[in-house]
């Protein structure tokens with residue numbers, strides 16, 4: 001370093017001497033113009049030349065010596081350091097690359113933990129290297145400061161040796177700066193990789209619920225409290241400092257007034273909001289709602305709603321008071337937004353508990369809970385909500401400041417423990433109160449089997465959480481605790497909203513309510529129609545709520561699912577991959593439903609017009625009219641279904657799997673249905689039998705009342721109905737007694753004694769037939785001698801009637817008339833008993 005200083009000082013001394021000599025000479029000449037003449041100038045020039053030559057020799061000798069010494073020193077300093085730093089950087093970079101590859105393929109928590117420790121060691125090695133480079137950079141900068149900046153253009157130039165030395169120092173500086181920047185880059189990448197590993201381990205805690213991270217009774221679990229991590233402590237202090245900065249910024253003079261207003265508004269809302277809205281809701285229920293269960297369900301729903309609104313509004317005012325300044329960090333803003341969402345769930349828990357217990361209005365309590373039990377459980381809903389809020393906020397903070405996995409495990413374990421204890425204590429305390437009521441001779445409330453199963457499931461889940469914590473499955477315990485809270489929230493909301501919708505529908509369309517009377521008078525409908533609408537709305541609301549509850553149970557989780565995200569998930573499911581394959585979008589669902597309703601209404605109107613106005617004006621018989629209306633209805637239903645599917649946006653080429661499934665089903669189980677369907681179409685078009693025909697098939701005789709697509713209805717003489725598949729009417733022998741305007745035949749066979757006057761009997765029978773009004777004159781009635789046997793004479797009398805349906809009644813009337821005539825004429829139907837000769841004893 002001394003040689004460098006000497007080398008740097010020689011040109012400066014030369015330049016200084018030259019400038020001093022020049023200015024001194026000029027001043028001397030000006031001052032002594034009367035003494036100095038032109039003859040003195042050569043002397044001064046010679047003196048100036050000698051001085052410059054001497055100084056130049058001195059400068060050359062010093063420069064060579066300094067350069068030689070500097071080169072030797074530089075070689076001794078650079079040659080060992082440069083390979084060492086370069087080798088270290090190459091080694092560190094290789095370690096970083098290998099670490100990245102291992103992280104990308106590692107899945108287990110043990111592997112990620114080992115890689116995290118490797119990343120921490122890598123960061124420490126880089127810090128050591130940066131510490132080694134720091135004095136070298138400072139020394140090099142000092143040398144450059146001694147040389148100073150290069151002279152400006154137009155001034156005296158420096159010697160080549162000085163310029164060469166400056167270039168060498170600058171080159172060395174660039175090299176050191178590059179090594180320093182490379183080391184910083186490796187350190188930054190290693191720190192980012194460490195953060196990613198922590199995030200992966202935290203994600204694994206949520207997804208790998210079978211991960212054993214140590215029992216809650218072990219020292220490892222309590223390590224974040226007993227022996228906190230230095231990095232966690234630093235991150236936590238930084239986050240607290242950011243919160244403190246936000247607090248201090250909010251109380252600056254330019255923000256102080258607004259902060260005070262927000263806090264005062266939150267205080268007023270918390271102090272007066274609950275009382276005011278509670279009284280307002282009670283007044284509205286008693287003055288505006290009809291008496292009945294609607295008051296209870298509306299009161300419980302309103303209590304839950306305003307509890308959530310007031311709590312979230314208070315939290316929003318407080319957060320707005322301290323996050324509206326421009327100096328708030330992004331981490332604090334993210335934490336505030338997450339805290340608002342967490343407050344929503346906590347307020348929902350407290351609001352549902354407050355609504356169901358209803359300690360202020362026991363007579364309006366929606367569930368069947370005894371007053372003593374409700375009073376004993378009064379503190380548990382706000383206690384559970386507070387635990388959820390506090391430990392949920394800790395969990396959010398851990399995620400945002402990248403706290404270590406051990407700290408995350410500790411927070412998850414404590415929150416799961418408190419949830420499990422609360423869930424276990426609530427049924428135990430309620431059962432103890434019920435047992436005390438029984439001992440005191442009072443009857444506890446009666447609850448359904450479903451409620452008992454829910455209580456049992458909650459108790460079993462709480463025990464499972466405690467066992468998981470004891471065994472060491474913290475992730476499983478947190479999963480069960482969050483699912484327990486989420487399932488209870490969903491089922492509670494389902495219970496509350498179901499009662500509200502059903503009670504609202506029944507009250508709105510009740511014939512005794514003012515709304516029901518107004519609807520009845522406006523639409524001119526009967527009470528039964530109002531009851532049908534109420535039942536339909538109740539069923540529709542129940543199905544919709546159950547569907548939403550199922551979607552929420554399987555696709556939501558506590559702390560991250562909001563009503564907006566739940567609605568988006570429902571829309572995604574309705575327009576998901578399954579429906580996208582059929583080209584169905586949610587917009588087309590409404591259009592298809594509307595098209596179906598309009599199509600069915602238009603078909604019904606057209607069918608009534610066809611059967612009541614058009615067909616009666618034709619000359620078709622009743623059977624053809626009924627068949628035409630049935631065929632028209634079936635074709636109309638098919639067209640309406642096809643039009644609905646078209647509006648729905650279903651692509652028929654995407655329904656090949658449906659056609660294939662139907663083909664297989666028809667081949668095995670649906671062949672009878674298809675056969676009957678085709679037979680029904682044949683009966684309606686070919687019309688071998690028609691409505692109103694008197695047929696006989698398989699021993700069944702009756703009138704056809706209706707021909708459906710699958711079966712035909714036949715009414716027997718005793719007014720009973722036989723349903724015959726259409727395929728039997730096509731494949732079996734069918735006797736149609738009324739086909740082609742057939743006439744009925746009335747035949748009566750009578751047995752007379754052998755001593756009968758045949759001519760008299762014939763005249764009596766013919767007279768009875770001819771005198772009956774239903775017997776046709778053409779062809780005339782006739783009597784036949786059917787049989788002659790030792791038992792008697794059999795005579796058969798036959799006559800025709802206009803229709804086969806008249807045969808039975810006509811035959812009965814003729815029998816009455818014939819018996820009366822025969823008795824009047826003294827003709828007997830009794831047969832003579834033959835005499836037998838009994839053998840004698842001999």
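Heads up, the Cβ atoms here are built off N, Cα and C, so glycines get one too.
It should be emphasised that the depicted structure is a prediction, and the values quoted were computed from it without experimental measurement.
The feature domain 'DUF3772' is assigned by TrEMBL to 182-241.
If you look up TrEMBL, you'll see 630-671 marked as domain 'Mechanosensitive ion channel transmembrane helices 2/3'.
For the domain 'Mechanosensitive ion channel MscS' (673-738), residue counts in helix, strand and coil come to 20 helix, 24 strand, 22 coil, using DSSP. Feature annotation from TrEMBL assigns domain 'Mechanosensitive ion channel MscS' to 673-738.
Sequence annotations record features per position, and here TrEMBL assigns domain 'Mechanosensitive ion channel MscS C-terminal' to 747-828.
Annotated transmembrane segment per TrEMBL: 12-29 (among others), in sequence order.
Feature annotation from TrEMBL assigns transmembrane segment to 41-66 (among others).
Residues or ranges marked as transmembrane segment in TrEMBL: 260-277 (among others).
Long-range contacts of the transmembrane segment (298-323) within the same chain, counting only residues at least 6 positions beyond its ends with a Cβ under 8 Å from a Cβ of the stretch, are 246-247, 249-250, 258-259, 262-263, 265-266, 269-270, 273-274, 277-278, 281-282, 284-285, 289, 332-333, 336, 339-340, 343-344, 346-348, 350-352, 354-356, 358, 361, 364, 366, 496-497, 499-500, 503-504. Among the features that TrEMBL reports, transmembrane segment is placed at 298-323 (among others).
The transmembrane segment annotation in TrEMBL covers 335-357 (among others). Sequence-distant contacts of the transmembrane segment (335-357), counting only residues of its own chain at least 6 positions beyond either end whose CB sits under 8 Å from a CB of the stretch, comprise 299-301, 303-308, 310-312, 315-316, 319, 323, 365-367, 369, 374, 377-378, 380-382, 384-386, 388-389, 392-393, 396-397, 400, 485, 489, 492-493, 496, 558-559, 562.
What TrEMBL records for 400-426 (among others) is transmembrane segment.
Annotated transmembrane segment per TrEMBL: 447-472 (among others), in sequence order. Below 8 angstroms of C-beta separation, residues 212-218, 368, 413, 416-417, 419-421, 423-424, 426-427, 480-481, 483-484, 488, 491 of the same chain, each at least six residues beyond the ends of the transmembrane segment (447-472), sit close to that stretch.
Sequence annotations record features per position, and here TrEMBL assigns transmembrane segment to 484-509 (among others).
Residues annotated as transmembrane segment in TrEMBL: 589-606 (among others).
Taken from TrEMBL, the feature transmembrane segment applies to 627-649 (among others).
Annotation source TrEMBL lists transmembrane segment at 655-674 (among others).
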Give me the mean pLDDT over the domain 'DUF3772' (182-241), rounded to a whole number. 79
Which sequence-distant residues neighbour the transmembrane segment (260-277)? Criterion: at least 6 residues beyond either end, Cβ under 8 Å. 302, 306-307, 310, 313-314, 317-318, 320-321
Long-range environment of the transmembrane segment (400-426) - Cβ separation under 8 angstroms, sequence gap at least 6: 109, 113, 195, 198-199, 201-202, 205, 213-214, 216, 220-225, 229, 231-232, 235-236, 238-239, 331, 334-335, 338, 377, 380, 383-384, 387-388, 391-392, 394, 458-459, 461-463, 465-466, 468-469, 474-475, 477-478, 480-481, 484-485
Do you know the DSSP helix, strand and coil residue counts for the domain 'Mechanosensitive ion channel MscS C-terminal' (747-828)? 35 helix, 24 strand, 23 coil
